Amino acid sequence: MTDTPARPANTAIRSTGGAKAAGVRQVRPQTEGWQQAKDESGRPLLQFASPKRGKPPVHLADLTPEARVERVKELGLQGFRAKQVAKHYFQHWTSDPAEMTDLPAAGREELVTGLLPNLLTEVRRLETDKGDTIKFLWRLHDGALVESVLMRYPGRITLCVSSQAGCGMNCPFCATGQAGLTRNMSSAEIIDQIVRANRAIANGELGRREHPDERVTNIVFMGMGEPLANYARVMHAVRTMVDKKDGLGMSARGITVSTVGLAPAIRKLADEDIPLTFALSLHAPDDELRDELIPVNSRWKVDEVLDAARGYYEKTGRRVSIEYALIRDMNDHPWRADLLADKLNARGRGWVHVNPIPLNPTPGSVWDASERAVQREFVRRLNDAGIPTTLRDTRGKEIDGACGQLVATEEDQQQAAEAAATA
Ligand code: SF4
(Lines of atoms letter the chains of each structure in order from A and count residues from 1; the text may use other names and numbers.)
(Lines give C-alpha, C1' and ligand atoms only; values in the text may rest on other atoms or scores of the structure.)
Protein backbone atom coordinates (compact mmCIF):
# COMPACT_ATOMS: atom_id res chain seq x y z
CA MET A 1 0.00 0.00 0.00
CA THR A 2 1.12 3.54 -0.55
CA ASP A 3 0.91 5.06 2.80
CA THR A 4 2.62 8.40 3.23
CA PRO A 5 0.44 11.49 3.13
CA ALA A 6 1.96 14.09 0.88
CA ARG A 7 -0.27 15.98 -1.53
CA PRO A 8 0.99 19.35 -2.60
CA ALA A 9 -1.78 21.92 -2.89
CA ASN A 10 -2.66 25.46 -1.97
CA THR A 11 -5.71 24.91 0.16
CA ALA A 12 -5.83 27.00 3.30
CA ILE A 13 -5.48 25.21 6.60
CA ARG A 14 -8.70 24.81 8.56
CA SER A 15 -8.44 24.86 12.32
CA THR A 16 -11.30 23.09 14.03
CA GLY A 17 -12.09 21.56 17.37
CA GLY A 18 -11.18 18.12 18.54
CA ALA A 19 -7.76 18.87 20.02
CA LYS A 20 -7.25 17.59 23.53
CA ALA A 21 -5.91 20.82 25.00
CA ALA A 22 -7.15 24.37 24.74
CA GLY A 23 -5.22 26.44 22.22
CA VAL A 24 -3.82 23.41 20.40
CA ARG A 25 -4.24 23.68 16.69
CA GLN A 26 -6.03 20.77 15.07
CA VAL A 27 -5.85 20.56 11.31
CA ARG A 28 -8.32 18.06 9.92
CA PRO A 29 -7.71 15.81 6.91
CA GLN A 30 -9.24 16.95 3.65
CA THR A 31 -8.68 16.26 0.01
CA GLU A 32 -7.03 18.96 -2.05
CA GLY A 33 -7.85 19.41 -5.71
CA TRP A 34 -10.11 16.34 -5.91
CA GLN A 35 -13.25 14.99 -4.27
CA GLN A 36 -13.48 11.76 -2.37
CA ALA A 37 -16.15 9.37 -3.62
CA LYS A 38 -18.75 8.98 -0.85
CA ASP A 39 -21.35 6.30 -0.07
CA GLU A 40 -25.07 6.99 0.59
CA SER A 41 -24.36 7.83 4.23
CA GLY A 42 -21.77 10.41 3.18
CA ARG A 43 -18.78 8.37 4.30
CA PRO A 44 -15.76 7.88 2.03
CA LEU A 45 -16.48 4.97 -0.26
CA LEU A 46 -14.44 1.82 0.32
CA GLN A 47 -13.95 -0.59 -2.56
CA PHE A 48 -12.93 -4.11 -1.63
CA ALA A 49 -14.00 -6.06 -4.71
CA SER A 50 -11.89 -5.74 -7.84
CA PRO A 51 -13.91 -4.45 -10.82
CA LYS A 52 -14.34 -7.09 -13.51
CA ARG A 53 -11.79 -6.58 -16.26
CA GLY A 54 -10.00 -8.89 -18.66
CA LYS A 55 -7.64 -11.06 -16.66
CA PRO A 56 -3.92 -10.93 -17.41
CA PRO A 57 -2.56 -13.96 -19.27
CA VAL A 58 -1.71 -16.90 -17.03
CA HIS A 59 2.01 -16.98 -16.35
CA LEU A 60 4.34 -19.53 -14.82
CA ALA A 61 4.54 -17.43 -11.63
CA ASP A 62 0.76 -17.73 -11.17
CA LEU A 63 1.04 -21.51 -10.98
CA THR A 64 2.16 -23.97 -8.33
CA PRO A 65 5.08 -26.22 -9.39
CA GLU A 66 2.61 -29.05 -10.04
CA ALA A 67 0.36 -26.86 -12.18
CA ARG A 68 3.40 -25.71 -14.17
CA VAL A 69 4.11 -29.31 -15.15
CA GLU A 70 0.52 -29.72 -16.31
CA ARG A 71 0.73 -26.51 -18.31
CA VAL A 72 3.92 -27.67 -20.06
CA LYS A 73 2.23 -30.93 -20.99
CA GLU A 74 -0.72 -28.98 -22.39
CA LEU A 75 1.79 -27.13 -24.52
CA GLY A 76 2.96 -30.47 -25.92
CA LEU A 77 6.27 -31.01 -24.10
CA GLN A 78 7.48 -33.22 -21.29
CA GLY A 79 6.71 -32.03 -17.77
CA PHE A 80 10.32 -31.71 -16.62
CA ARG A 81 10.73 -28.75 -18.99
CA ALA A 82 8.72 -26.68 -16.47
CA LYS A 83 11.63 -26.68 -14.04
CA GLN A 84 14.04 -25.60 -16.77
CA VAL A 85 11.90 -22.64 -17.74
CA ALA A 86 11.34 -21.74 -14.07
CA LYS A 87 15.09 -21.74 -13.51
CA HIS A 88 15.64 -19.36 -16.41
CA TYR A 89 12.95 -17.04 -15.12
CA PHE A 90 13.55 -17.10 -11.36
CA GLN A 91 17.34 -17.48 -11.34
CA HIS A 92 18.52 -15.84 -14.55
CA TRP A 93 15.61 -13.38 -14.84
CA THR A 94 15.07 -14.00 -18.50
CA SER A 95 11.94 -14.59 -20.57
CA ASP A 96 13.85 -14.74 -23.85
CA PRO A 97 13.65 -18.12 -25.64
CA ALA A 98 16.95 -17.37 -27.42
CA GLU A 99 18.74 -17.56 -24.06
CA MET A 100 17.24 -20.94 -23.15
CA THR A 101 19.48 -23.15 -25.22
CA ASP A 102 18.95 -26.18 -22.98
CA LEU A 103 15.40 -26.41 -24.35
CA PRO A 104 14.83 -28.18 -27.66
CA ALA A 105 14.82 -25.69 -30.54
CA ALA A 106 11.61 -27.19 -31.92
CA GLY A 107 8.70 -25.74 -30.00
CA ARG A 108 10.90 -23.63 -27.70
CA GLU A 109 9.40 -20.32 -28.74
CA GLU A 110 5.83 -21.58 -28.26
CA LEU A 111 6.68 -23.13 -24.89
CA VAL A 112 8.35 -20.03 -23.52
CA THR A 113 5.78 -17.55 -24.76
CA GLY A 114 3.06 -19.88 -23.48
CA LEU A 115 4.61 -19.99 -20.00
CA LEU A 116 6.12 -16.53 -19.79
CA PRO A 117 3.78 -14.11 -21.58
CA ASN A 118 4.84 -10.48 -21.37
CA LEU A 119 3.10 -8.88 -18.37
CA LEU A 120 4.86 -5.56 -17.82
CA THR A 121 5.78 -3.10 -20.53
CA GLU A 122 8.17 -0.43 -19.36
CA VAL A 123 6.69 2.97 -20.11
CA ARG A 124 9.09 5.18 -18.27
CA ARG A 125 11.89 5.14 -15.78
CA LEU A 126 13.17 7.92 -13.56
CA GLU A 127 16.48 7.83 -11.77
CA THR A 128 17.81 9.76 -8.82
CA ASP A 129 20.34 9.46 -5.98
CA LYS A 130 23.12 9.19 -8.60
CA GLY A 131 21.39 6.21 -10.15
CA ASP A 132 20.85 4.39 -6.82
CA THR A 133 17.07 4.83 -7.06
CA ILE A 134 14.96 3.96 -10.10
CA LYS A 135 11.21 4.39 -10.43
CA PHE A 136 9.67 2.17 -13.09
CA LEU A 137 6.30 2.88 -14.62
CA TRP A 138 4.76 -0.27 -16.09
CA ARG A 139 1.80 -0.75 -18.40
CA LEU A 140 -0.17 -3.92 -17.78
CA HIS A 141 -1.84 -5.93 -20.55
CA ASP A 142 -5.07 -3.93 -20.26
CA GLY A 143 -3.42 -0.52 -20.20
CA ALA A 144 -3.51 -0.08 -16.41
CA LEU A 145 -0.41 1.63 -15.04
CA VAL A 146 1.53 0.66 -11.94
CA GLU A 147 4.89 1.53 -10.50
CA SER A 148 7.77 0.03 -8.62
CA VAL A 149 10.72 1.79 -7.00
CA LEU A 150 14.14 0.16 -6.77
CA MET A 151 16.55 1.47 -4.16
CA ARG A 152 20.18 0.61 -3.52
CA TYR A 153 21.44 0.94 0.06
CA PRO A 154 24.77 -0.21 1.46
CA GLY A 155 24.52 -3.99 1.72
CA ARG A 156 20.94 -4.34 0.48
CA ILE A 157 18.67 -3.56 -2.45
CA THR A 158 15.01 -2.84 -1.78
CA LEU A 159 12.12 -2.92 -4.22
CA CYS A 160 8.84 -1.21 -3.41
CA VAL A 161 6.18 -3.17 -5.32
CA SER A 162 2.57 -2.50 -6.31
CA SER A 163 -0.12 -5.07 -5.53
CA GLN A 164 -3.15 -3.42 -7.15
CA ALA A 165 -3.73 -1.04 -10.03
CA GLY A 166 -5.25 1.89 -8.16
CA CYS A 167 -6.63 1.36 -4.67
CA GLY A 168 -10.07 1.18 -3.09
CA MET A 169 -9.16 2.50 0.36
CA ASN A 170 -9.80 6.15 -0.55
CA CYS A 171 -7.34 7.81 1.84
CA PRO A 172 -7.74 11.59 1.47
CA PHE A 173 -4.01 12.25 1.15
CA CYS A 174 -3.27 9.61 -1.42
CA ALA A 175 -2.71 10.15 -5.10
CA THR A 176 -3.19 6.43 -5.84
CA GLY A 177 -6.56 6.21 -4.14
CA GLN A 178 -8.11 9.12 -6.03
CA ALA A 179 -9.28 7.12 -9.01
CA GLY A 180 -10.37 4.13 -6.93
CA LEU A 181 -9.47 0.53 -7.59
CA THR A 182 -8.85 -0.36 -11.23
CA ARG A 183 -8.17 -4.02 -10.50
CA ASN A 184 -6.21 -6.51 -8.44
CA MET A 185 -2.85 -7.45 -9.86
CA SER A 186 -2.12 -11.11 -10.51
CA SER A 187 0.59 -12.94 -8.56
CA ALA A 188 2.77 -13.04 -11.64
CA GLU A 189 2.37 -9.29 -12.21
CA ILE A 190 3.66 -8.79 -8.67
CA ILE A 191 6.53 -11.25 -9.09
CA ASP A 192 7.49 -9.88 -12.50
CA GLN A 193 8.27 -6.50 -10.92
CA ILE A 194 11.03 -8.27 -8.95
CA VAL A 195 12.31 -10.27 -11.91
CA ARG A 196 12.47 -7.13 -14.05
CA ALA A 197 14.29 -5.28 -11.26
CA ASN A 198 16.79 -8.15 -10.93
CA ARG A 199 17.35 -8.01 -14.67
CA ALA A 200 18.07 -4.27 -14.48
CA ILE A 201 20.51 -4.85 -11.60
CA ALA A 202 22.27 -7.67 -13.49
CA ASN A 203 22.61 -5.33 -16.48
CA GLY A 204 24.39 -2.82 -14.23
CA GLU A 205 21.59 -0.26 -14.45
CA LEU A 206 21.30 0.50 -10.70
CA GLY A 207 24.13 2.77 -9.55
CA ARG A 208 27.50 1.37 -8.62
CA ARG A 209 27.60 -2.39 -8.17
CA GLU A 210 28.90 -3.83 -4.88
CA HIS A 211 29.35 -7.36 -6.25
CA PRO A 212 28.45 -9.24 -9.43
CA ASP A 213 25.71 -11.46 -7.95
CA GLU A 214 23.55 -8.66 -6.65
CA ARG A 215 19.79 -8.87 -6.70
CA VAL A 216 16.81 -7.50 -4.84
CA THR A 217 17.16 -8.49 -1.17
CA ASN A 218 14.19 -6.67 0.35
CA ILE A 219 10.61 -6.21 -0.78
CA VAL A 220 8.19 -3.67 0.62
CA PHE A 221 4.52 -3.78 -0.37
CA MET A 222 4.24 -0.02 -0.26
CA GLY A 223 3.63 0.74 -3.92
CA MET A 224 0.15 1.08 -5.36
CA GLY A 225 -2.65 -0.73 -3.64
CA GLU A 226 -3.57 -2.24 -0.30
CA PRO A 227 -1.93 -5.69 -0.37
CA LEU A 228 -4.28 -7.29 2.15
CA ALA A 229 -7.26 -6.34 -0.05
CA ASN A 230 -5.73 -8.62 -2.72
CA TYR A 231 -4.90 -11.30 -0.20
CA ALA A 232 -4.82 -14.57 -2.15
CA ARG A 233 -2.72 -13.26 -5.04
CA VAL A 234 -0.34 -11.41 -2.76
CA MET A 235 0.16 -14.53 -0.64
CA HIS A 236 0.79 -16.71 -3.68
CA ALA A 237 3.37 -14.14 -4.79
CA VAL A 238 4.96 -14.14 -1.33
CA ARG A 239 5.20 -17.94 -1.33
CA THR A 240 6.88 -17.78 -4.73
CA MET A 241 9.30 -15.14 -3.45
CA VAL A 242 10.43 -17.32 -0.53
CA ASP A 243 10.36 -20.66 -2.38
CA LYS A 244 14.01 -21.76 -2.51
CA LYS A 245 13.41 -24.68 -4.87
CA ASP A 246 10.92 -23.40 -7.42
CA GLY A 247 10.81 -19.65 -6.83
CA LEU A 248 12.97 -16.63 -6.11
CA GLY A 249 14.47 -18.02 -2.87
CA MET A 250 14.27 -14.76 -0.96
CA SER A 251 14.32 -14.39 2.82
CA ALA A 252 10.85 -13.95 4.32
CA ARG A 253 12.29 -11.51 6.86
CA GLY A 254 13.27 -9.20 4.04
CA ILE A 255 9.66 -8.96 2.83
CA THR A 256 7.48 -6.30 4.43
CA VAL A 257 3.71 -6.46 4.02
CA SER A 258 2.18 -3.13 4.88
CA THR A 259 -1.48 -2.39 5.49
CA VAL A 260 -3.78 0.44 6.54
CA GLY A 261 -5.46 -1.99 8.90
CA LEU A 262 -7.68 -4.75 7.47
CA ALA A 263 -7.92 -6.54 10.81
CA PRO A 264 -9.35 -9.90 9.66
CA ALA A 265 -6.66 -10.17 6.96
CA ILE A 266 -3.94 -9.33 9.53
CA ARG A 267 -5.20 -12.22 11.65
CA LYS A 268 -5.14 -14.49 8.61
CA LEU A 269 -1.61 -13.37 7.77
CA ALA A 270 -0.49 -14.28 11.28
CA ASP A 271 -1.75 -17.83 10.68
CA GLU A 272 0.27 -18.28 7.46
CA ASP A 273 3.39 -19.28 9.35
CA ILE A 274 5.70 -17.23 7.14
CA PRO A 275 7.99 -14.93 9.16
CA LEU A 276 7.33 -11.82 7.08
CA THR A 277 7.91 -8.33 8.41
CA PHE A 278 4.56 -6.73 9.10
CA ALA A 279 3.97 -2.98 9.02
CA LEU A 280 0.82 -1.17 10.07
CA SER A 281 0.27 2.32 8.66
CA LEU A 282 -1.44 3.80 11.68
CA HIS A 283 -0.86 7.56 11.36
CA ALA A 284 -3.20 8.34 14.28
CA PRO A 285 -3.78 6.65 17.67
CA ASP A 286 -7.36 7.98 18.12
CA ASP A 287 -10.42 6.94 16.14
CA GLU A 288 -11.70 10.50 15.88
CA LEU A 289 -8.83 11.51 13.63
CA ARG A 290 -8.11 8.12 12.08
CA ASP A 291 -11.68 7.73 10.83
CA GLU A 292 -11.01 10.72 8.57
CA LEU A 293 -7.37 10.05 7.79
CA ILE A 294 -7.72 6.34 6.95
CA PRO A 295 -11.34 5.71 5.92
CA VAL A 296 -11.08 1.95 6.45
CA ASN A 297 -10.83 2.80 10.16
CA SER A 298 -14.61 3.14 10.05
CA ARG A 299 -14.66 -0.68 9.67
CA TRP A 300 -11.84 -1.70 11.97
CA LYS A 301 -11.00 0.71 14.77
CA VAL A 302 -7.58 1.49 16.20
CA ASP A 303 -7.88 -0.92 19.13
CA GLU A 304 -8.99 -3.86 17.00
CA VAL A 305 -6.20 -3.25 14.50
CA LEU A 306 -3.58 -2.94 17.25
CA ASP A 307 -4.88 -6.17 18.81
CA ALA A 308 -4.50 -7.88 15.42
CA ALA A 309 -0.97 -6.47 15.08
CA ARG A 310 -0.07 -7.71 18.55
CA GLY A 311 -1.51 -11.11 17.54
CA TYR A 312 0.83 -11.11 14.55
CA TYR A 313 3.79 -10.69 16.90
CA GLU A 314 2.55 -13.45 19.18
CA LYS A 315 2.13 -15.93 16.34
CA THR A 316 5.31 -15.13 14.41
CA GLY A 317 7.69 -13.64 16.96
CA ARG A 318 8.33 -10.86 14.44
CA ARG A 319 8.39 -7.36 15.83
CA VAL A 320 5.69 -5.21 14.23
CA SER A 321 6.43 -1.83 12.60
CA ILE A 322 4.03 1.05 13.12
CA GLU A 323 4.27 3.62 10.32
CA TYR A 324 3.34 7.14 11.36
CA ALA A 325 3.61 10.05 8.93
CA LEU A 326 4.06 13.21 10.97
CA ILE A 327 1.70 15.87 9.59
CA ARG A 328 1.90 19.39 10.88
CA ASP A 329 -0.79 20.18 13.49
CA MET A 330 -2.84 17.19 12.35
CA ASN A 331 -1.42 14.14 14.10
CA ASP A 332 1.88 15.33 15.58
CA HIS A 333 0.67 16.57 18.98
CA PRO A 334 2.52 15.48 22.11
CA TRP A 335 -0.69 14.02 23.55
CA ARG A 336 -0.98 11.78 20.49
CA ALA A 337 2.57 10.50 21.03
CA ASP A 338 1.61 9.72 24.64
CA LEU A 339 -1.66 8.06 23.62
CA LEU A 340 0.16 5.95 21.02
CA ALA A 341 2.75 4.90 23.62
CA ASP A 342 -0.02 4.02 26.10
CA LYS A 343 -1.91 1.92 23.56
CA LEU A 344 1.22 0.06 22.51
CA ASN A 345 2.46 -0.50 26.06
CA ALA A 346 -1.00 -1.70 27.11
CA ARG A 347 -0.41 -4.64 24.76
CA GLY A 348 2.96 -5.59 26.20
CA ARG A 349 6.60 -4.64 25.83
CA GLY A 350 9.13 -5.39 23.11
CA TRP A 351 6.65 -6.32 20.39
CA VAL A 352 6.62 -3.19 18.30
CA HIS A 353 8.64 -0.28 17.04
CA VAL A 354 7.44 2.98 15.58
CA ASN A 355 8.71 4.62 12.38
CA PRO A 356 7.63 8.23 12.18
CA ILE A 357 7.95 9.37 8.57
CA PRO A 358 8.98 12.93 7.84
CA LEU A 359 7.04 14.45 4.95
CA ASN A 360 8.28 16.90 2.36
CA PRO A 361 7.28 20.41 3.44
CA THR A 362 4.29 21.62 1.40
CA PRO A 363 3.47 25.06 2.82
CA GLY A 364 -0.19 26.02 2.53
CA SER A 365 -1.33 22.41 2.32
CA VAL A 366 -3.08 20.57 5.13
CA TRP A 367 -0.54 17.84 4.40
CA ASP A 368 2.46 19.84 5.52
CA ALA A 369 5.53 18.47 7.28
CA SER A 370 5.80 18.71 11.06
CA GLU A 371 8.46 21.08 12.30
CA ARG A 372 11.76 19.46 13.18
CA ALA A 373 11.39 20.26 16.88
CA VAL A 374 7.90 18.71 16.87
CA GLN A 375 9.23 15.58 15.16
CA ARG A 376 11.98 15.29 17.74
CA GLU A 377 9.54 15.73 20.61
CA PHE A 378 7.21 13.08 19.20
CA VAL A 379 10.08 10.61 18.90
CA ARG A 380 11.43 11.49 22.35
CA ARG A 381 8.09 10.86 24.06
CA LEU A 382 7.74 7.44 22.50
CA ASN A 383 11.31 6.45 23.27
CA ASP A 384 10.97 7.69 26.85
CA ALA A 385 7.87 5.53 27.21
CA GLY A 386 9.95 2.51 26.21
CA ILE A 387 8.81 2.24 22.57
CA PRO A 388 11.78 1.99 20.16
CA THR A 389 11.19 4.78 17.65
CA THR A 390 13.28 5.93 14.70
CA LEU A 391 12.59 8.42 11.93
CA ARG A 392 12.37 6.57 8.62
CA ASP A 393 14.34 7.19 5.46
CA THR A 394 12.12 8.48 2.68
CA ARG A 395 14.31 7.75 -0.30
CA GLY A 396 12.75 8.28 -3.67
CA LYS A 397 10.78 11.41 -2.88
CA GLU A 398 12.62 13.49 -5.44
CA ILE A 399 11.17 11.37 -8.20
CA ASP A 400 7.71 11.38 -6.73
CA GLY A 401 8.20 7.74 -5.85
CA ALA A 402 7.74 7.87 -2.11
CA CYS A 403 4.78 5.89 -0.90
CA GLY A 404 1.55 7.82 -1.05
CA GLN A 405 2.67 9.70 -4.10
CA LEU A 406 2.66 6.90 -6.59
CA VAL A 407 0.30 7.93 -9.32
CA ALA A 408 0.52 8.02 -13.05
CA THR A 409 0.62 11.53 -14.47
CA GLU A 410 -1.07 12.58 -17.68
CA GLU A 411 2.33 12.42 -19.32
CA ASP A 412 2.67 8.81 -18.16
CA GLN A 413 -0.75 8.00 -19.61
CA GLN A 414 0.30 9.55 -22.89
CA GLN A 415 3.52 7.53 -23.03
CA ALA A 416 1.62 4.38 -22.15
CA ALA A 417 -0.80 5.01 -25.00
CA GLU A 418 2.14 5.50 -27.39
CA ALA A 419 3.85 2.35 -26.12
CA ALA A 420 0.60 0.42 -26.61
CA ALA A 421 0.31 1.71 -30.16
CA THR A 422 3.80 0.49 -31.05
CA ALA A 423 3.60 -2.83 -29.12
S1 SF4 B 1 -5.58 4.90 -0.80
FE2 SF4 B 1 -4.66 2.87 -0.85
S3 SF4 B 1 -2.64 3.14 -1.70
FE4 SF4 B 1 -3.36 5.13 -0.97
S5 SF4 B 1 -2.63 5.29 1.15
FE6 SF4 B 1 -4.71 4.49 1.24
S7 SF4 B 1 -4.38 2.27 1.28
FE8 SF4 B 1 -2.45 3.14 0.56
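A Cβ is built for glycine as well, from the same backbone N, Cα and C atoms used for every other residue.
Residues or ranges marked as region 'Disordered' in TrEMBL: 1-56.
In the three-state DSSP classification, Glu147 (active site, proton acceptor) falls within a strand. The active site, proton acceptor annotation in TrEMBL covers Glu147.
Annotated domain 'Radical SAM core' per TrEMBL: 153-398, in sequence order.
Under the DSSP three-state reduction, Cys174 ([4Fe-4S] cluster binding site) is assigned to coil, being neither helix nor strand. Cβ neighbour count for Cys174 ([4Fe-4S] cluster binding site) (all protein chains, 10 Å cutoff from its Cβ): 26. Taken from TrEMBL, the feature [4Fe-4S] cluster binding site covers Cys167, Cys171, Cys174.
Taken from TrEMBL, the feature S-adenosyl-L-methionine binding site applies to Gly225, Glu226, Ser258, Ser281, Leu282, His283, Asn360.
Residues or ranges marked as active site, S-methylcysteine intermediate by TrEMBL: Cys403.
Not a single one of the binding-site residues among Ser281, Leu282, His283, Asn360 has a C-beta coming within less than 6 Å of an atom of ligand 1.
In the three-state DSSP classification, Ser258 (S-adenosyl-L-methionine binding site) falls within a strand.
Spacing of Cys174 ([4Fe-4S] cluster binding site) relative to Ser281 (S-adenosyl-L-methionine binding site) is 13 Å (Cα to Cα, whole number).
Taking the C-alpha positions, the distance from Ser258 (S-adenosyl-L-methionine binding site) to Glu147 (active site, proton acceptor) comes to 16 Å. It is Glu226 that, of the recorded positions Glu147, Glu226, has its Cβ surrounded by the most other Cβ atoms within 10 Å.
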